[in-house]
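S.K.: Once you've had a glance at the structure underneath, I'll fire off some questions.
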Amino acid sequence: MATRLDGRAVSKKILADLKQTIAQLAQHDVTPTLAVVLVGSNPASEVYVRNKQRRAEDIGVRSLMFRMPEATTQADLLAKVAELNHDPDIDAILVQLPLPAGLDEQAVIDAIDPDKDVDGFSPVSVGRLWANEPTVVASTPYGIMALLDAYDIDVAGKRVVIIGRSNIVGRPLAGLMVNHDATVTIAHSKTRDLKQLAKEADILVVAVGVPHFIGADAVKPGAVVIDVGISRGADGKVLGDVDEAAVAPIASAITPVPGGVGPMTIASLMAQTVTLAKRRANG
């Protein structure tokens, strides 16, 4: 039976360690500061932002919320980003996505100072990642790598298959895996023989948003399975992209949903906010 990779427990330890680091920074008059820009009133975004703020307060990160109305123009949003870019007391900027219709998300991402881009979405951050240079990266991939590390799962030399090619998970995770000496394949909706490909993976990452997309017939015995998906079934039950009950007897390790990758994402956001604050403190 597979080991369950407990993201709640690992994230709790990460946050506790960060709290100590932040207390040490406070002795040098440095308070890690995260600016969150929320445009409109997307319910899912509201929940996620509240969770971020709660975690920030728990560990001593200063979290500033900038709410902008649904009718915000592109020019007004870019002006707010520019203002935050030039504020010397702000270490990290996060514009909560998705933005309301009519706003150009990529233009907003491009406008964020790469040295404050805590999501790692800017072209400069992406370039640094693929050049294997120090940079912040998207929080979910960062959290996945931290979770694997916490369980001493070494990716070097492993065959990794990532199902999903989003800029939020699949692509940046591929970069991190390559930088840690894994052999990586990204699969997607146009990939032929996808389940056969998945079955060749030593480490299988699934991020497609389709409940129980992967079952026992697509997993190699002994594989590590990372389930990034989270959906709700007709009965309201939270479901992952992987059928855990079917796959757990085959895999060597698996992330539960909920309680696997999800908690690691916010912990990773906090960790990278602290990293950016340290950079500011060191000049």
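Quick reminder: no glycine exception, Cβ is built from N, Cα and C everywhere.
Heads up, here are the entries from Swiss-Prot:
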- Gly164, Arg165, Ser166, Ser189, Ile230: NADP(+) binding site (BINDING)
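Surface or core, plus neighbours and distances: that's what I need for these features.
M.R.: Reduced to three states, the DSSP call for Ser166 (NADP(+) binding site) is coil. Around the Cβ of Ser166 (NADP(+) binding site), 17 further Cβ atoms fall within 10 Å across all displayed protein chains.
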S.K.: Can you give me the same-chain residues 6 or more apart in sequence from Arg165 (NADP(+) binding site) with a CB-CB distance under 8 Å?
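M.R.: The answer is Arg171, Ile186, Ala187, His188.
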S.K.: Counting across all protein chains present, how many other Cβ atoms fall within 10 Å of the Cβ of Gly164 (NADP(+) binding site)?
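M.R.: A count of 23.
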